[in-house]
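Asker: Okay, so TrEMBL annotates it like this:
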REGION    1-21  region 'Disordered'
COMPBIAS  1-10  compositional bias 'Basic and acidic residues'
TRANSMEM  45-66  transmembrane segment
TRANSMEM  113-133  transmembrane segment
TRANSMEM  140-159  transmembrane segment
TRANSMEM  165-190  transmembrane segment
TRANSMEM  202-221  transmembrane segment
TRANSMEM  227-246  transmembrane segment
TRANSMEM  351-371  transmembrane segment
TRANSMEM  377-396  transmembrane segment
Amino acid sequence: MGSRYRKTDTESLPLEDDDSEPLIVNGSSRARLAMSEKSTLRRNLVGFWFLGLCNNFAYVIMLSAAHDILDDETAAAKNSTSEHNNSTTTISPVTTTINGTSYMTCNQISTGAILLADILPTLLIKFTAPFYLQRIGYRIKVSLTILFAMASFLIVAFANDVWLSIIGVVCASISGGLGEITFLSLTSFFDRNVISTWSSGTGGAGVFGSLAYAGFTSAGVSPRTTVLIMVVVPVIMAINYFCVLIHPKDLDYPTDDTASLIKDKEKKTANLSLKDKLRLVVPLLKFMIPLTTVYFGEYFINQGLHELLYYNNTGWPYLNKKEQYRWYQVDYQIGVFLSRSSVNIFPIKKVWILPFLQLINMGVLLAQVFYRFIPNIWIIFAIVFYEGFLGGAAYVNTFYRIAVEIPPEHLEFSMGVATIGDTVGIAVAGAAAIPSHNHMCSLKIKMK
């Protein structure tokens, strides 16, 4: 027997079957239902914002601390061979002066090394996870994300050697990669607008993470103590996932045709074979290639050039070399945050424009390293802000367009696969930044 309908004073409502009792919904019940739905939506929007914030926080902290991690460990290694080891850190000179001429100086190891440690495990996870991760319950995946994030902060805070610090960074990478693919796939079970709040939260992680690190260290707190304070972030993630989000039923009982409550909560996630999944990757390339290119330019600037864009005299306020690097990170992350929060106000359909604009940014800043033609650090701050804004816009608009254009039954898989795009761009940028950085450091570029 098909579903029956009973006329009420407000609307016709379907009944489950002929044996069920008539369901009467009056105006008051409808109002309560609407309020409940709004409350649920608000909680989920807030929950996804905090999940985005917490998921990217460890990643941001590790990149913000990259310069200090390398400086501290290099200094410790040098001091261990010295007979006069009276301090824990050694601050290298801002410039090298030969015959009255100042030359640029930089770390022997590019911060791109930290970037690679922070992104390669993520890349491995994202390349493989879409083909098996749907079979693992979300509670397990989120719990692993939380544990790896907590381990990353603790290991880096107590590390006394470069290799141990790198292990901590790797834990942050695993947490961030697993978290991103998990939570973006999870958005397919909720209202589409949670993509916007998730993206905004990831941008917020950049701002609050880099600002917190720069703020604490500028106030005199040691880099390691600052990292240790951040252990509270994984706790906040756990609270939001397990207590704030209102989960769909049966979310943590995956099967080959995992129930996906999309829109009307009646559609199913398709049971895809490996061949089907590989076929679905092709139409995603139009989103992934621009995203990869934007992130390549973005992270080549961040990890290959930021350290080299310093000024001997910044004017007011005076910032030393380390402080300039930290505040470049803050400035960049503010741009990311604003653009990742903008998709409902200013959506961009032609995402292919963004790679060209980002590569122009990279060219301008690369030329600045060699020729020093930009006279003021505030102009650099403006360019770095714009760089972050383009990167954030590429991220949020890419995933929003996927949510709009991809059929609901393929959306969970597609969201997970598309995350590969930004990670490949970051990994290639990190690999390119290391030899480029070392080559530029060897050229004895004159400071003006």
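The chain as shown is numbered from 1 upward.
Cβ atoms are placed via backbone N, Cα and C, with glycine included.
TrEMBL: automatically predicted annotations, no manual curation.
What does the local environment look like for each feature on the list?
Answerer: Note on the transmembrane segment (45-66): residues 111, 114-115, 118, 145, 149, 152-153, 156, 168-169, 171-173, 175-176, 179-180, 183, 187, 190-191, 193-194, 197-206, 208-210, 212-214, 223, 226-227, 230, 233-234, 236-237, 240-241, 244-245, 302-303, 326, 329, 333 of its chain, located 6 or more positions outside it, place their CB under 8 angstroms from a CB of the stretch.
Proximity of distant same-chain residues to the transmembrane segment (140-159), defined by a Cβ-Cβ separation under 8 Å and at least 6 residues beyond the stretch ends, is recorded for 54-55, 57-58, 61-62, 65, 69, 133, 165, 167-172, 174-176, 178-179, 182, 224-225, 227-228, 230-231, 233-234, 237-238, 241.
Proximity of distant same-chain residues to the transmembrane segment (165-190), defined by a Cβ-Cβ separation under 8 Å and at least 6 residues beyond the stretch ends, is recorded for 44, 48, 51-52, 55-56, 58-59, 61-62, 69, 73, 114, 117-126, 129-130, 133-134, 138, 141-142, 144-149, 151-157, 159, 198, 234, 248, 251, 260-262, 269, 399, 403, 408, 411-413, 415-416, 418-419, 423.
Sequence-distant contacts of the transmembrane segment (227-246) (same chain, six or more residues past either end, CB-CB distance under 8 Å): 40, 43-44, 46-48, 50-51, 53-55, 57-58, 61, 65, 142, 145-147, 149-150, 153-154, 156-158, 175, 212, 216, 221.
When Cβ-Cβ distances below 8 Å are used as the criterion, the transmembrane segment (377-396) is approached by residues 195-196, 199-200, 202-203, 206, 290-291, 294-295, 297-298, 301, 306, 309, 311, 314-315, 319, 324, 327-328, 331-343, 348, 351, 354-355, 357-358, 361, 364-365, 368, 422 of the same chain, each at least six residues removed from its ends.
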Asker: Please give the sequence-distant neighbours of the transmembrane segment (202-221): residues at least 6 beyond its ends with Cβ less than 8 Å from one of its Cβ atoms.
Answerer: 49, 52-57, 59-61, 64-65, 68, 229-230, 323, 326-327, 329-330, 332-334, 336-341, 388, 392, 395-396
